[in-house]
C-alpha cells in the first residue's frame, strides 16, 4: 500500500482532516495499480463523513449565450465563434423545468445565467422566477449568476435562494490562462460575500483545461481552504469555436484519480458529478466515481449540452443502494 | 421550404451521406445548432428534460 494511502486512512478517514496539497499531488501521481485502493479509501471517507445519501440536482439556463467574458472553455462567450445564440427562458418555462427536475426526485434546482454579473433585468427575472417556483414546486432553489455585489447577495438571500454557485474553475496560478476578462481574486471576493451572507457556497471547477497535475493539486488545496458546502467537478467537454475546442478530453483513470484526490482533500463536502462525465468516464466510469468519493449528481441535461437520462442515473443509484437525499434532509 | 437536409445541424457545413460521422456522434449529447434546411443558427434552449431549437424561417423543433 502506498504511504500516502496509509497516511490518508489515518488522517482523513480516521480524523476527518483532509490531505494538503502535497498529499493530493501524491494521490494524483499514484500508478494505475493503486487506483482501486485510492477509490475504495475515498468511498470509505465519503461514507463515514457524509453518509450514503446522494444529493440530486437539476440545472437550467435562464439566460444563454452572449456573455461578455472570455472563459476559454465556454461556448456561451460572445467573444468566440461558437454556434450558441443568446436566448432567455421565460418564467412559465422556468417553472416547468423546476417541475421536471423535482419529478426526478431531485432536491436542488439551480438557475444559471451566462453573464459577468447580474443586471437589474436579470435580478427582476430571478425574483419573479424564484417566487413562481416556490409557489408551484417543492424544491430548493440555487443560483449561478456570476460575480455579485453585496446588494445582490442580500437580494438573493431575500428571495430564498439557499445556495450560490460560483466556480473558481481552476487553480489560481493557471486561471489567467483560462480567463482574461476578470480575475480569480474577483471570483474569490464574490464567494466570500456569499459565505458571509449565510447562503451555502457551491464552488468547483473544470479539469482538463491544460493545467498540470501539480496545478490540479493546487486547485484542490485552494478549494479545501475555501471549504465550500459543495464542489461540482466538471471534466472539459471541448466546445467547437472556443479556444479550448481542440483539447483532448481527460483520460478516464486520471479523472477517477482526481475524484479520489479531491474527496481525500475535502472529506465532508458534497462532491458532485457535473458536466463532461459522459464523455470522460462513460457508464462504467460513472459507477466507479460514485464508488470512489462522489456523493452528488447533476441529472438530466446541462446548460448547452445533453446528459444521460435522469432515469439512468437514478437506476444506478438504486443498484448501488445509495439513497437519494430527501428534501426534508436538506432543510 | 424544402424537406431536404442540406446542412449539418451541428457544424453548419454541407451535409453529405458520410461527411459528418464526428458530428453525428457528438449530436447524441448535444442539441442541434444549425437549421438543416437553411443553415441559419437556431435559438436553442436546453432544459433538464429535452430541448427546443427555433429557426426564424423554418420554425421550432424539439427533442
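Here the Cβ of each residue, glycine as well, is placed from N, Cα and C on the backbone.
Taken from TrEMBL, the feature [4Fe-4S] cluster binding site applies to A:67, A:71, A:74. Among the features that TrEMBL reports, [2Fe-2S] cluster binding site is placed at A:110, A:202, A:272. Here TrEMBL flags A:52-277 as domain 'Radical SAM core'.
Neighbours of the [2Fe-2S] cluster site: apart from A:110, A:202, A:272, residues of the same chain with C-beta atoms within 8 angstroms of the site's C-beta centroid are A:57, A:59, A:108, A:142, A:144, A:163, A:165, A:204, A:230, A:232, A:270, A:274, A:296, A:298. Put simply, residue A:74 ([4Fe-4S] cluster binding site) is 20 Å from residue A:272 ([2Fe-2S] cluster binding site) when counted between their Cα atoms. Among the binding-site residues A:67, A:71, A:74, A:110, A:202, A:272, none has a Cβ under 8 Å from a Cβ of chain B. With respect to their backbone Cα atoms, residue A:67 ([4Fe-4S] cluster binding site) and residue A:110 ([2Fe-2S] cluster binding site) stand 18 Å from each other. Around the Cβ of residue A:272 ([2Fe-2S] cluster binding site), the number of neighbouring Cβ atoms within 10 Å comes to 22. Residues A:67, A:71, A:74 make up the record's [4Fe-4S] cluster site, and a Cβ search at 8 Å around their centroid adds A:69, A:70, A:73, A:75, A:76, A:77, A:114 from the same chain. The Cβ of residue A:71 ([4Fe-4S] cluster binding site) lies under 8 Å from the Cβ of A:77, A:169, A:178, A:179, each on the same chain and at least six residues away in sequence. Note: the CA-CA distance between residue A:202 ([2Fe-2S] cluster binding site) and residue A:74 ([4Fe-4S] cluster binding site) rounds to 19 Å. Cα of residue A:110 ([2Fe-2S] cluster binding site) to Cα of residue A:74 ([4Fe-4S] cluster binding site): a distance of 18 Å.
In the three-state DSSP scheme, residue A:71 ([4Fe-4S] cluster binding site) is classed as coil.
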